[in-house]
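Peer 1: Sharing the features that TrEMBL gives for it:
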DISULFID  14-44  disulfide bond
DISULFID  24-34  disulfide bond
């Protein structure tokens, strides 16, 4: 990005965020006021928040899959013991 051109020529993907940050930084007396623009630019470059969210979604998916697999093992253990498992269509007293 140092040249101002993207990988395939033209405008780089994060150039718009860089311009917003640069514009804010040039106009302000307190650089901390430009932190949101800097965060947007860094997120565009490195995708840290996006990756963290994807990891959280994957972890939840794995946790749910493990829970379902554990429940499936319980049902399989009951079937392996020879106990008849009803599907709930017939009510027995």
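Each position is counted from 1, following the chain as shown.
Any Cβ shown, glycine's included, is placed from N, Cα and C.
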Peer 1: Would you kindly give the Cα-Cα distance separating residue 34 (disulfide bond) and residue 44 (disulfide bond), rounded to the nearest Å?
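Peer 2: Distance between the two Cα atoms comes out at 16 Å.
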Peer 1: Cα of residue 14 (disulfide bond) to Cα of residue 34 (disulfide bond): how many Å, rounded?
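Peer 2: The Cα atom of residue 14 (disulfide bond) is 16 Å away from the Cα atom of residue 34 (disulfide bond).
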Peer 1: For residue 44 (disulfide bond), just count the other CB atoms lying within 10 A of its CB, please.
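Peer 2: Within a 10 Å radius of the Cβ of residue 44 (disulfide bond) lie 16 other Cβ atoms.
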Peer 1: Within 10 angstroms of the C-beta of residue 14 (disulfide bond), what count of other C-beta atoms is obtained when all protein chains are considered?
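Peer 2: I count 18 other Cβ atoms within 10 Å of it.
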